[in-house]
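Chemist: In case it's useful when we look at the structure, here is the feature table from TrEMBL:
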TRANSMEM  A:12-30  transmembrane segment
DOMAIN    A:96-298  domain 'ABC transmembrane type-1'
TRANSMEM  A:100-123  transmembrane segment
TRANSMEM  A:135-155  transmembrane segment
TRANSMEM  A:175-194  transmembrane segment
TRANSMEM  A:233-255  transmembrane segment
TRANSMEM  A:275-301  transmembrane segment
């Protein structure tokens with residue numbers, strides 16, 4: 001087990017190197033001169049432009065730029081600064097808690113609501129509850145995220161006034177609407193996945209045996225049915241938690257949350273290599289860590305799985 | 001009292017009265033209170049480096065320059081400088097600095113403060129974006145090229161006398177010095193610019209309250225020892241930073257935000273329904289034009305340019321696409337300036353028949369490529385203009401080149417644009433000089449059309465060398481040349497939609513031509 005974890009951790013190194021290189025290359029290859037665009041319609045004097053290019057190593061060829069950046073990261077923990085001189089680490093420190101909180105709230109919504117809806121639909125298969133759950137989930141999956149966001153903002157923010165429309169000024173309450181929006185699609189997928197897995201499990205021999213032994217229905221469903229249906233759902237939830245960082249780009253913009261998603265979007269537009277690489281690397285790391293955790297969780301769910 | 005106040009709107013005396021009044025009976029106060037204002041995330045909060053609205057209008061509250069523009073008369077009025085004078089030919093200027101001005105940290109402001117600030121800003125090692133506004137001063141080139149340590153033309157005669165020597169006569173100097181890039185900066189700014197930026201120490205009506213919380217807010221409170229004549233009305237201003245205007249619009253509707261100064265285009269049609277009396281459109285100097293790459297042969301015939309301009313029905317586009325929130329351009333000098341004339345432009349009137357005839361005679365190109373920058377809401381109207389060209393001029397084929405802004409500017413620098421292109425211009429200070437000289441004089445860096453006309457250049461130079469009354473006449477003659485030669489098709493001047501909550505007195509809401517909402521004049525009608 002320990003050996004397995006160490007091997008997986010060592011794999012992070014090439015993943016991070018390749019990911020940063022690709023991201024750096026993509027931002028680098030974007031056409032146009034970011035320094036030139038800084039001042040908009042109004043031109044900037046040649047000398048100032050030259051000085052800024054020098055300062056941010058923009059005159060160097062691609063690999064040298066990348067090398068200088070990585071050298072700074074590994075020797076001094078210097079993740080670079082924006083074109084305005086603001087350290088990238090500052091930006092990450094400020095944005096990360098917001099994005100993580102948002103992701104956690106969304107994750108709770110999709111895991112809890114998704115699981116409850118899926119179990120109910122499976123246990124009361126073909127009943128009204130099942131149909132109701134299925135229809136509402138189809139709607140949640142089908143509506144574009146932006147539409148859901150505006151709908152919730154208008155209904156619960158503007159008209160009813162129950163939740164703030166935007167920002168993070170009101171603490172945890174501010175995270176509820178964006179959390180629901182971010183979770184909407186996945187909640188539907190989780191519920192449908194769990195429903196079909198659970199229906200299949202409940203028809204299997206071991207469940208019939210357990211029921212025949214006189215076990216209570218609730219215990220049959222949770223201990224025998226659910227546990228065997230969870231592996232694909234956990235895989236999905238894990239992968240989804242990692243991709244949530246991407247969804248956060250839209251949700252953070254619409255709900256005006258100062259997280260990493262909105263930041264990475266603006267930085268790509270402004271061709272701020274250093275921030276994009278910093279944040280994307282963080283997202284990549286997050287993704288691989290979550291994947292590792294998911295793999296380890298399999299062993300808990302199914303003792304037959306062993307790691308060597 | 002309240003009646004009197006709302007009746008006289010926004011004058012200097014209003015400010016004084018409210019100030020005294022607001023302090024005594026804080027509850028029913030015009031003036032006082034806290035306003036929350038929409039803002040976008042500034043690029044930076046460094047006067048010498050700030051060239052966009054999001055940062056500049058915050059800095060305007062934190063700093064006071066040598067002069068301030070009076071937007072009723074469009075003249076430069078006293079700021080830190082109490083008076084100024086120039087020699088006969090407008091090349092040597094003397095500014096008397098008022099006594100008793102300090103930065104918010106107590107550092108005294110003298111003529112030397114300005115000398116230091118100007119030198120630091122121009123020093124290329126500091127790479128400040130407003131650097132090029134200083135090219136009027138003697139010694140600019142030497143300092144920028146690294147041949148000198150200081151600007152030769154900027155000197156402190158004594159503690160309260162600043163002398164500025166210019167390369168060329170420049171009568172709009174007092175007006176230009178009101179610009180963000182000329183605000184005085186304290187020693188701390190030079191010692192550690194990055195630390196300074198997070199909580200700029202200025203000499204303005206307001207001082208920072210806490211640090212700039214990136215992507216969240218910038219809060220300032222009134223600086224009670226400000227020696228100027230018209231202090232700000234609100235006790236406290238909080239700029240809430242949004243990255244989506246739509247969201248800010250909803251927040252104003254819900255009362256979570258007091259005022260939004262840039263209503264999103266798709267809401268202009270509904271803002272009256274949504275806000276009733278709490279909304280208004282303000283005309284600004286934000287100018288949109290279609291430029292011609294005069295370095296391409298097809299566009300060198302002035303008749304072709306006239307025909308393309310006359311084939312555009314500006315009103316129709318403005319009504320259908322902008323919900324009326326643009327003023328059709330009949331001039332180059334923005335209409336709110338006193339120097340502007342109505343209908344100065346002969347070839348800006350929609351006349352499809354004459355246009356078609358002219359275009360055919362001149363042998364204008366039958367295919368066009370039209371350029372604009374992407375992602376900034378230009379797609380619809382550029383397409384509409386192109387449709388009108390196709391419809392009225394018999395142009396067979398129009399292709400669009402839409403590029404990211406950075407890439408777009410590259411293309412202009414390389415002079416590889418092959419057709420009409422969209423660009424814009426906003427006045428940083430309200431002078432006809434700034435509306436024309438940077439864009440149309442020969443060899444200027446914003447002259448993307450490569451327009452070169454000696455007569456025009458001479459008129460601008462003459463205007464810059466004359467005292468104000470005569471200058472206006474020269475500026476207008478220069479404008480006439482532009483409207484006749486038409487290096488650019490004037491399209492329209494933008495009107496900005498402003499919406500606000502019930503807490504703000506509607507009469508106190510004003511916006512100046514630079515598109516800056518006058519936040520310091522906002523009156524809070526109710527306290528919550």
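Any Cβ shown, glycine's included, is placed from N, Cα and C.
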Chemist: Counting only residues 6+ away from its ends, which parts of the chain sit with a Cβ under 8 Å from the transmembrane segment (A:135-155)?
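Modeler: For the transmembrane segment (A:135-155), the far contacts come to 117, 165-166, 177-178, 180-182, 184-185, 187-189, 191-192, 247, 250-251, 254-255.
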Chemist: Can you work out which residues elsewhere in the same chain, 6+ from the ends of the transmembrane segment (A:175-194), have a Cβ less than 8 Å from its Cβ atoms?
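Modeler: Sequence-remote neighbours of the transmembrane segment (A:175-194) are 101-103, 105-111, 113-115, 117-119, 121-122, 133-134, 137-138, 140-141, 143, 145, 148-149, 152-153, 156-157, 163-164, 168, 229-230, 232-233, 236-237, 240, 244, 247-248, 251-252, 254-255, 257.
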Chemist: Based on Cβ pairs under 8 Å, which of the stretches A:12-30, A:233-255, A:275-301 lies most in contact with the transmembrane segment (A:100-123)?
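Modeler: Result: A:233-255.
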Chemist: What same-chain residues lie close to the transmembrane segment (A:275-301): Cβ under 8 Å, and 6 or more beyond its ends?
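Modeler: Hits for the transmembrane segment (A:275-301): 5, 8-9, 11-12, 15-16, 19-20, 23-24, 27, 69, 79-80, 82, 88-89, 91-92, 95-96, 227, 230-231, 234-235, 237-239, 241-243, 245, 260, 263-264, 267-268, 307.
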